[in-house]
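**Q** First, the structure itself, so that you have it in front of you.
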Amino acid sequence: MSGFTLDILISAEDQAVATEADEETAPVPRFAYSILAVIMAIFCLSSVVLNTTVIWVTIRHRQLRQPINYALVNLAVADLGVTVSGGLLTAITNSMGYFSLGRAGCVIEGFSVAFFGIVALCTVAVIAVDRFVIVCKPLGIVHFHPKHAVMGVAFAWIWSLIWNIPPLFGWGSYQLEGVKTSCAPDWKNPDPLNMSYIMCYFCLCFAIPFIIIMFSYLTLLWTLRKVSGAGIAHGGTTAKAEAKVARMVIVMILAFLICWLPYAAFSLAVVFNSQFYIHPLVATVPMYLAKTSTVYNPIIYIFMNTQFRDFAVSFLLCGRNPWAMQRQDSEVDTPMITVNKNSKQVAISCI
């Protein structure tokens, strides 16, 4: 056991020294911290309301407890974890102008945010694969059972835990980042042991989910284009459905790229050049963009789902749903196109 000294076991004196040093060497003016605190508070409030709503309506309505929705609810739980463990603390530390939780707090916050964040990212990959299999049918007709959904959700949690625990035992570490009010895996330390962890972490927790998500959604878009000709034969109904699904997929891809690509690119630049310098305030932007995923995830993956949206809007507006009557008059339910490879027929169903 002597060979494994937990990173969080540090004296109160060391914590005080670290806190004083952070306060004295603040990288940005005090008013900038106040602005960042307000921005993060807005993100936190929005995330808590949206993700709590998703969890609550799922508990209340049996219709939503379907295997295909397990991943959506898991995404809401993970996003709520990021918000509570990271967003809320970051808003508080920004309002104070320095990281006030000491070394132990930095490790706990860094681990929690990274853990829930990778769970969310892996869950998005699971959702992407799920939709790829349903729409493109590479394996033929697949029936999703609760055990399949549970396996996907369990994998996200176990995979994230496996790759976020090592820094607690010396392989890698969690350090202050950006404007020094939040913590994350140490991307800058050139030590070979730390670099080996960071490279494994980046490849297995960022690059692979990224490739899976992009491949799944781009293939889905390509499949939709292939069936575009069938829309004419069906009086335009399929073409209209295809366009609607295509827009949704494009929004998913763009939102993912905007929120995660800057953070991944910045982290990769630091990994390959430890002397790479960027102003702390600018370095904070990618981190904040990544944390906005806790807000866009429930909006895109949940509220663009007709069934979830109906229950959620009714809950938020105390029983009223202004979209319900409008949809009855003019809207076809949010469609999903599936392709029968053998007969080359096109089928439309709700997401």
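Any Cβ shown, glycine's included, is placed from N, Cα and C.
Feature list, courtesy of TrEMBL:
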type     : residues : note
TRANSMEM : 31-59    : transmembrane segment
DOMAIN   : 50-301   : domain 'G-protein coupled receptors family 1 profile'
TRANSMEM : 71-93    : transmembrane segment
TRANSMEM : 113-136  : transmembrane segment
TRANSMEM : 148-166  : transmembrane segment
TRANSMEM : 195-224  : transmembrane segment
TRANSMEM : 245-278  : transmembrane segment
**Q** Look at every Cβ pair spanning the transmembrane segment (148-166) and the transmembrane segment (31-59), keep those 6 or more apart in sequence, and say whether at least 3 of them are under 8 Å.
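**A** Contact between the transmembrane segment (148-166) and the transmembrane segment (31-59): absent.
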**Q** For the transmembrane segment (71-93), could you work out the same-chain residues 6 or more beyond its ends whose Cβ comes under 8 Å from its Cβ atoms?
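**A** The answer is 37, 40-41, 43-44, 47-48, 50-52, 54-55, 58, 99-101, 105, 109, 112-113, 115-117, 119-120, 123-124, 126-127, 130, 149, 152-153, 156, 181-182, 291, 293-294, 297-298, 301-302, 305, 308.
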**Q** Can you name the far-off residues of the same chain, 6+ from the ends of the transmembrane segment (113-136), with a Cβ under 8 Å from a Cβ of it?
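**A** For the transmembrane segment (113-136), the nonlocal Cβ contacts are 68, 71-72, 74-75, 78-79, 81-82, 85-86, 142, 144, 152-153, 155-157, 159-161, 163-164, 174, 182-185, 205-206, 209, 212-213, 215-217, 219-220, 223-224, 256, 260, 290, 293-294, 297, 301, 336-339.
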